[in-house]
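Everything below concerns the one structure shown next.
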């Protein structure tokens, strides 16, 4: 991960009147990486992306790309390209002219720009659709065209605003792997805004979790999931129990909690409330002192080797290293 | 329907009456549906038939009638048309009508497009868009005639415009061409009909996804390039509908031309109204038929350029 062509956000702030959408965030995004901005709606992730793209003015702070301050540059001169949530394809232009649009704006002759657009269409496997209108394409196909149109400007960074949210679940999975493949083969940075943890974990080299206009935590998917730094991250990523002990709060992964009907070393007493069978795993809901609502995820083989029942008293334990203290 | 006979023939004897009645019910249902659609469309057919088609047919019929100085009589003769096409005045007046329509079209389009563009793309909040849009319509709460007459004290020989220009020392003599001139006619047309351009163009522009403008900016388009490459192509249907409104209104007008030109200018509408004043109905009808044909041809030509069906 080189710092050379990195994108740097410094004290980046966006205010809409009195409301603060993005609150002085600082972040380094290395070049050639896949980064996901993750958070619930209204957390400031889209505003951040749109500021990087240049479609939203920056209230204060700077955006630096490869050593150049691009904060006040127009969108097309930043080295970024954006893929819009609803794809924003021009409905009156054929697929090939949509892809060639930015070249037309630069005044490149028709034959040349079409030839270039054709190579981009080949990249996204849409070469045979050049003459169609966007309305004649399916959602997934429209997305490929939007990708090709954004990539024809040879951006250093591709910005994707919830690119998969308009697709059905099956297509979403397919496009997800295709985005990753494309990012690896092009070697440029992708910054992808999403509210789906699964999407972020599957795609990202780096996840930036945002909440209330601030960055809660940034790190690799493993870091974020395994050791959430705040209660918000633990709850938002899911699969964690928040346990209050000795005046502090800890996050413990549900699958790191051991259960036994006999007392465990350093074990705590709890009562089984409910059991949820999920196939490969079983979720056991427990009522424990200091944590009235915790879940232990047990593999199905372990569960059926020694099943529990609702109402049963059990002993709950976890490794010390698995309990991550949360920032207040 | 083919399913019914198969299932009936395949069924056992006791089921047959049932199947037959089901078939009967289905047939009746289809017939009822057909009858219902005829009934549903009949009010409109009746209204259009009685108030549009019939009068036009009447006009066409009367245009072949004959007339003397004091009477008209049913006939089938081409005298009216012969006279119409034989007179140089007809060609001049038709030409003048086209000129009025063309000039008015250019100005209403320029102003209407600008206003609609401002409302749709520069005014950010919906509340202000609606407020400003209503503001545009306020003059239309008064009648055409009143709005026309209100120009008279402004443009007259001793009107506001002339006295202001005299006071500023820009002219020594009052401008004569301000009122009762072709200038005044076009001015009034533009004033009266610009809204008919604004409304449909604004309507299509409001349907343009704002992210398309962003996408164009992202691709490096300048403001002018966005206008010519994205907004104008997508606003075309609205432009075309507005153009049809304006052209048909101007082509059919007679009162504005009479008032604002001080009866010094003529268009086809005035030709017809003069004929009617002289009770020369057959001649008026013939002129009306020719005018109608002209306007229809113009609209047909316009519709060849743009598909407005997706707007309706």
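Every residue, even glycine, has its Cβ placed from backbone N, Cα and C.
As recorded in TrEMBL, the features of this protein are as follows:
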- B:38-65: transmembrane segment (TRANSMEM)
- B:93-119: transmembrane segment (TRANSMEM)
- B:94-302: domain 'ABC transmembrane type-1' (DOMAIN)
- B:126-146: transmembrane segment (TRANSMEM)
- B:177-202: transmembrane segment (TRANSMEM)
- B:281-306: transmembrane segment (TRANSMEM)
* To do: Would you mind listing the long-range same-chain contacts of the transmembrane segment (B:281-306), meaning Cβ under 8 Å and 6+ residues beyond its ends?
  => 56, 59-60, 62-67, 72, 80-81, 83-84, 90, 94, 236-237, 239-240, 243-244, 247-248, 251-252, 268-269, 271-273, 275
* Structure fact -> Other same-chain positions with a Cβ less than 8 Å from the transmembrane segment (B:126-146) and lying at least 6 residues past its termini are 115, 119-120, 192, 195, 198, 202, 255-256, 259
* Same-chain residues at least 6 beyond the ends of the transmembrane segment (B:93-119) whose Cβ lies under 8 Å from its Cβ atoms -> 129, 132-133, 136, 182, 185-186, 189-190, 193-198, 201-202, 205, 227, 231, 235, 238-239, 242-243, 246-247, 250-251, 257, 265-271, 294
